[in-house]
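Contents: one structure, followed by commentary.
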Amino acid sequence: MIYQAETLQVKEVQDGVAEILFCAPNSVNKLDLATLASLDKALDALTAHSGLKGVMLTSDKEAFIVGADITEFLGLFAKPEEELDQWLQFANSIFNKLEDLPVPTVAVVKGHTLGGGCECVLATDLRIGDKTTSIGLPETKLGIMPGFGGCVRLPRVIGADSAMEIITQGKACRAEEALKIGLLDAVVDSDRLYASALQTLTDAINEKIDWKARRQQKTSALTLSKLEAMMSFTMAKGLVAQVAGPHYPAPMTAVVTIEEGARFARNQALDIERKHFVKLAKSEEAKALVGLFLNDQYIKGIAKKAAKSANKETQRAAVLGAGIMGGGIAYQSALKGVPVIMKDIAQASLDLGMTEASKLLNKQLERGKIDGFKMAGILASITPSLHYAGIDNADIIVEAVVENPKVKAAVLSEVEEQVSEETVLTSNTSTIPINLLAKSLKRPENFCGMHFFNPVHRMPLVEIIRGEHTSDETINRVVAYAAKMGKSPIVVNDCPGFFVNRVLFPYFGGFSMLLRDGADFTQIDKVMERKFGWPMGPAYLLDVVGIDTAHHAQAVMAQGFPERMGKQGRDAIDALFEANKYGQKNGSGFYTYTMDKKGKPKKAFSDEIVPILAPVCAAQQAFDDQTIIQRMMIPMINEVVLCLQEGIIASAQEADMALVYGLGFPPFRGGVFRYLDSVGIANFVAMAQQHVELGAMYQVPQMLIDMAEKGQTFYGAQQQGSI
């Protein structure tokens, strides 16, 4: 043994050939701070080892290295710039040390080799993979960019254009593509991977492969003419500006980094990379996006605990109510390996549900995600039925009939008679209280809400609603089932609108009040989309949701929270509803809609809206962007905080993920609680109090006032990281 540490070891495997084996005691290898320090010492030991002829990098896991340890990021990024810069210099000196070994090096690349793992193997001379290899640099998805030499080495290995595509998109390449672009030097069968890599290294030692020329290319300036460079970088900047937009600076910064470093040799190019990395690491966007990643891991952890705690795993399910929603739920369950009965009283609805499932599976087939055999198997595991036959075998039943409390209660009561005492019943409802529906059941402890978002196959969030009598076992089983379906389940306590709809309607309330006071809805949409970062402005969102749906939900919320959400008079939603302008579904709402060539609705402004809104809106007047943002966001933020204060949602992490996954809250802002930390709670309180005359929706919750006085934050502990 040449060197041994907790997460890696170095030994001589044959005459003069040493192997650096990454072997962390956990389920995956990560380039955490401790592993980097060990790698540094291992390379020193190798440099001092006599008779060294070549070095192999291997892993004892199915994945080579999944990346850096993201749990350490926020702690690192919180350090002063100078300290972060020094740490990056140290980290890069390790990869330079690997690249500068006086002997050829080869990496045995299997499974996920991402982020820091990819940057590590880029420092070797040769890279051999197998069919499991997935290699790339996903850092821009976290608001940062490669900082261990990825922006320097990747363009020199595969060319600037391919490198910018991978880095700006945060892309991972499968083995075939990686081989084609030169990121891998060979792809072999898994059982021959180690032997092939050893043979490749032997060929390099015997100078059958010119490893020195390869290394020279990586440590020199990029070989691009002025014209090539201008065309390449100008085109990349144009594409990135179009796709990433102004709220996500990391992809553009990566292009600029590669461009600035192109004319320099490795060490100077690394200095440029480091300077830009530090700037991104200190940004609010990086803090928010890394925070979302950590929150997502937190939610996955809760789901894993629930699955372990549940006494029974869901093997079979049933959906009551077919159509688009029921078909979507059945498809998602079957796709993830849980066979499902789809029951309805109307054959036409069953046909619609099966058509929806077939349509979604055909899309998977077209994209090459599944083959025809797999598609047939998934479709066969959805059983459409007009009767309850076989439903007694279901472990979980999802009721997804029409949004009417009497109909839902009758269906739930009826199905309860058909199933065993262990069967869990759930209701897919967006507005009806779970405690109300539970009254129709003999076993309310086996019942909870399971609120899917539309379209089911695309929306990651499922709200799991705990009723007054719901047992922990029921919650654990439903959370585990939602996670098995590939969803992000978040448990909330029962109240009108649950969490997501409860916090959405004060936002719509702020919108209605702005219109009442003479604001232009097209300006509000532009500001909330372009400046704040929502995927849709409120008027457009209402049209997509459906004015009739929003009108009904608004009445439910007003009844549930009369002080804040009760209406003083008619508003814009009432005016459109009464004029039968329901939005996209009937071609006319705030905007008018026509179908484009692809069959997608395209919006346009029409003057016919003006007389409809006139009775509920003051004469048009100008509002600046900041006022619009404040008046729109304060009611939502207040309601989110009240939900935490009242225990409707358990944590800031879960609330922020629900907002991003369920409402499309701008990810670069990280959710309401991350946003409050970013702007400063005391600053928010002072700003919100300037609008207090607008009514109860603008009253700041006591929790925020107390936290502002104490100088507290919501993410203080997470911000410290694990260092």
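Each residue's number is its place along the chain shown, starting with 1.
Glycine is no exception: its Cβ is also placed from the backbone N, Cα and C atoms.
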Candidate sharing the substrate site with N501, Y661 (per Swiss-Prot), from D210, D271, D296, D344: D296
Given that Swiss-Prot records M325, D344, V401, V402, E403, K408, S430 as binding NAD(+), the matching residue among N295, N362, N454, N476 is N454
With the fewest other Cβ atoms within 10 Å, the residue among the binding-site residues M325, V401 is M325
Using DSSP and three states only, what is H451 (active site, for 3-hydroxyacyl-CoA dehydrogenase activity)? strand
Here the 10 Å Cβ neighbour count for E119 (site 'Important for catalytic activity') comes out at 28
Roughly how many Å lie between the Cα atoms of D344 (NAD(+) binding site) and H451 (active site, for 3-hydroxyacyl-CoA dehydrogenase activity), rounded to a whole value? 19
Restricting to the region '3-hydroxyacyl-CoA dehydrogenase' (311-723), report the mean pLDDT as a whole number. 95
I'd like to know which of the recorded positions E119, E139, S430 sit within 10 A of N501 (substrate binding site) at the Cα level. S430
